[in-house]
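Enquirer: According to TrEMBL:
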DOMAIN    68-621  domain 'Choline/carnitine acyltransferase'
ACT_SITE  HIS355  active site, proton acceptor
BINDING   LYS431, LYS435, THR436, HIS437, LYS438, MET439, SER440, PRO441, ASP442, SER468, ARG516, GLN567  CoA binding site
BINDING   TYR464, SER466, THR477  (R)-carnitine binding site
Amino acid sequence: MATEYNITNYITVIDPQALTSISPTLLTISQAKDLWYKVKPCGRLVRPVAPTRIPGRYLSHQEGLPKLPVPSLQQTCERYLATLEPIVDEEELSHTKELLAEFQKAGGVGERLQKGLERRARKTENWLSDWWLTTAYLDYRMPVVVHSSPGVVLPRLEFSDRQGQMSETLPVEYLGGKQLCMNQYYQVLSSCRVPGLKRDSVVNHAHRSRPPTHITVVHNFQFFVLDVYNSDGTPLTVDQLYMQLEKVWSSSLQTNKEPIGILTSNQRNSWGKAYNNLIKDKTNKDSVRAIQKSIFTVCLDAPMPCVSDELYHSRAAVQMLHGGGSRWNSGNRWFDKTLQFIIGEDGSCGLMYEHAPAEGPPIVSLIDHVVEYTKKSEMVRTPMVPLPMPQKLRFNITPEIKKDIEKAKQNMNIMVHDLDVKVIVFSHFGKNVPKTHKMSPDAFIQMGLQLAYYRMYQRCCATYESASLRMFKLGRTDTIRSCSIDSANFVKAMDDPAKQKIEKVTLLEKAVKAHRAYTDMAIHGQAIDRHLLGLKLQAIEDLTSMPEIFMDTSYAVANHYNLSTSQVPAKTDCVMCFGPVAPDGYGVCYNPMAEHINFAVSAFNSCNETNAAHMAQRLEEALLDMRMLLESTPKAKL
């Protein structure tokens with residue numbers, strides 16, 4: 001392990017239980033011991049090593065991965081038409097067929113753009129990755145809060161009181177027997193998004209010859225640098241870290257400080273302008289740089305409003321997503337930071353992450369590792385060496401910066417009031433029931449979502465589900481289009497009294513198989529959405545007129561995702577949450593466990609047609625009805 005970069009070595013986990021009894025006053029030693037067990041490291045840290053110094057294993061693994069393929073033009077056009085059939089009317093579909101026929105003509109614009117993409121694929125490690133980072137994230141000017149950055153709600157866990165020594169290396173992951181690209185794991189620590197006036201960037205300080213050795217801790221809107229290594233390069237022990245965190249806590253009890261972090265929640269162009277103004281001051285610039293360079297940020301939150309047990313998980317979700325508003329903890333964040341671990345005084349704990357460097361699965365894999373690691377018990381002797389006071393980061397607030405903060409507060413509060421989130425634990429069954437009927441659990445859940453939406457709106461809609469492209473070098477995601485001809489046939493038949501149960505089961509089985517086939521196609525780089533995006537961006541790069549297929553109504557409908565969904569499976573009993581991508585849409589994330597499923601459903605209150613609680617209820621009903629259909633039909637019984 002000593003020679004390999006291990007990203008898990010930096011993670012700090014919080015035991016939320018002890019926080020419930022701690023008030024925001026100066027802690028006694030007794031309280032301090034209690035408090036420590038909610039903020040403690042998962043294990044002994046090792047010296048950070050830049051990826052450029054990794055000998056052999058990581059680099060050879062990456063070099064052995066295949067390149068992302070460019071699908072054939074004809075294949076993508078045919079599959080694109082098939083995905084449009086259940087969501088556009090016949091007249092629009094007929095018009096799109098004509099446009100696609102023209103687009104595919106020999107020697108035409110489509111063939112020329114396809115050849116351009118293929119040239120790009122030959123010359124680059126991944127023809128999509130740079131484009132995707134830019135178009136999906138860095139050029140995106142909406143706030144990262146709600147619109148881009150997911151949150152993760154963790155359970156109230158009991159952690160071991162002792163720490164062990166980290167010795168394992170970061171293992172290579174596999175999917176279907178094939179190695180996955182591990183690059184995203186090396187992008188999440190000591191990295192940060194940086195705002196620009198028109199385009200953002202991402203800085204990663206872990207790649208330097210001397211990676212950072214500090215985290216940042218924020219409490220009552222006040223940021224601190226906490227070094228997690230001693231001067232001799234050895235990591236701080238649990239007791240040392242506790243004492244340092246106690247110092248942070250006790251020296252930041254004032255609650256009247258300006259919430260400088262709330263600036264990071266603003267619309268990106270506005271934040272870019274405010275950022276340039278903020279860092280004109282050298283003290284401010286140095287403080288911002290310290291946050292950006294830190295391994296990650298720990299947010300020690302003030303109490304949130306009390307809610308019933310039924311609403312607890314939903315309230316915890318919004319705390320992780322946006323902090324609850326300027327009155328609560330939205331200023332106790334640096335939303336550009338890739339990783340922020342969040343601990344509330346009531347026991348809430350979780351994290352949020354900025355989406356540009358990585359997808360959800362690597363983040364959840366870290367959570368799984370951390371939670372599992374905290375169960376190990378092995379004492380480490382604490383050196384009797386006095387530690388310096390953690391450095392408080394100073395900000396000089398000018399009248400102009402104060403004005404920017406007030407505007408960011410207003411905008412944040414608008415977002416907070418607009419977001420509707422419902423987290424449910426579907427306790428009736430989990431992966432076990434679909435597996436019993438030889439069905440993919442993910443495909444089964446997706447058909448439940450299709451049925452729930454159809455029952456609410458009497459129509460099918462464009463549906464996004466994230467598919468990993470990590471089988472390929474530097475792979476990110478493509479789209480699984482869960483709404484298909486087969487899913488439409490099933491949801492329309494499900495409540496039709498004229499249809500026999502055996503026919504409904506057959507249609508469900510066919511829809512599940514179609515979704516499984518599309519998923520397999522997507523993870524092997526043969527889906528349509530990133531290919532169509534590549535053709536569109538190739539046209540822009542070639543400075544040619546935009547092809548008509550991208551100006552077509554059908555293309556707009558296909559990319560208006562009323563259902564934006566993601567399965568983020570974890571061993572930990574947690575759930576990820578994010579906002580909708582359409583004003584009249586839903587965001588749905590789920591973690592299917594063996595015997596239950598965690599769902600987070602979001603919608604915007606500003607849309608009268610959507611309601612997260614109603615969608616969650618319809619989803620629960622749909623899944624139960626599907627199980628009943630299978631269990632009450634002779635063909636489905638095993």
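Including glycine, each Cβ sits where the backbone N, Cα and C put it.
Automatic prediction, not curation, is the source of TrEMBL annotations.
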Enquirer: Mean pLDDT, the domain 'Choline/carnitine acyltransferase' (68-621)?
Expert: 92
Enquirer: Which whole number of Å gives the largest C-alpha distance between any two of TYR464, SER466, THR477, the residues noted as binding (R)-carnitine?
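Expert: For the residues that bind (R)-carnitine, the greatest Cα distance is 11 Å.
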Enquirer: Using the alpha carbons only, what distance in Å do you get between THR477 ((R)-carnitine binding site) and LYS431 (CoA binding site) once rounded?
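Expert: If we compare the Cα positions of THR477 ((R)-carnitine binding site) and LYS431 (CoA binding site), the gap is 24 Å.
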Enquirer: Which residues of the same chain, at least 6 positions away in sequence, have a Cβ lying under 8 Å from the Cβ of HIS355 (active site, proton acceptor)?
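Expert: TYR137, VAL144, SER148, SER149, PRO150 - these are the non-local Cβ neighbours of HIS355 (active site, proton acceptor), listed in sequence order.
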Enquirer: Among the binding-site residues THR436, SER440, SER466, THR477, which residue has the largest number of other Cβ atoms within 10 Å of its own Cβ?
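Expert: The largest 10 Å Cβ neighbour count belongs to THR477.
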Enquirer: Could you name the residues, excluding TYR464, SER466, THR477, of the same chain that surround the (R)-carnitine site, i.e. Cβ within 8 Å of the Cβ centre of those residues, in sequence order?
Expert: GLU465, ALA467, ASP478, THR479, ILE480, SER564, SER566
Enquirer: Which whole number of Å gives the largest C-alpha distance between any two of LYS431, LYS435, THR436, HIS437, LYS438, MET439, SER440, PRO441, ASP442, SER468, ARG516, GLN567, the residues noted as binding CoA?
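Expert: The span, Cα to Cα at its widest, is 26 Å.
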Enquirer: Roughly how many Å lie between the Cα atoms of SER440 (CoA binding site) and TYR464 ((R)-carnitine binding site), rounded to a whole value?
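Expert: Cα-Cα, rounded: 18 Å.
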Enquirer: Is it possible to get the count of other C-beta atoms within 10 angstroms of the C-beta of ARG516 (CoA binding site)?
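Expert: The answer is 17.
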Enquirer: I'd like the number of other C-beta atoms within 10 A of the C-beta of LYS438 (CoA binding site), please.
Expert: 10
Enquirer: Tell me, how many other CB atoms lie within 10 A of the CB of TYR464 ((R)-carnitine binding site), whichever protein chain they belong to?
Expert: 24
Enquirer: When a 10 Å sphere is centred on the Cβ of LYS431 (CoA binding site), how many other Cβ atoms does it contain?
Expert: 20
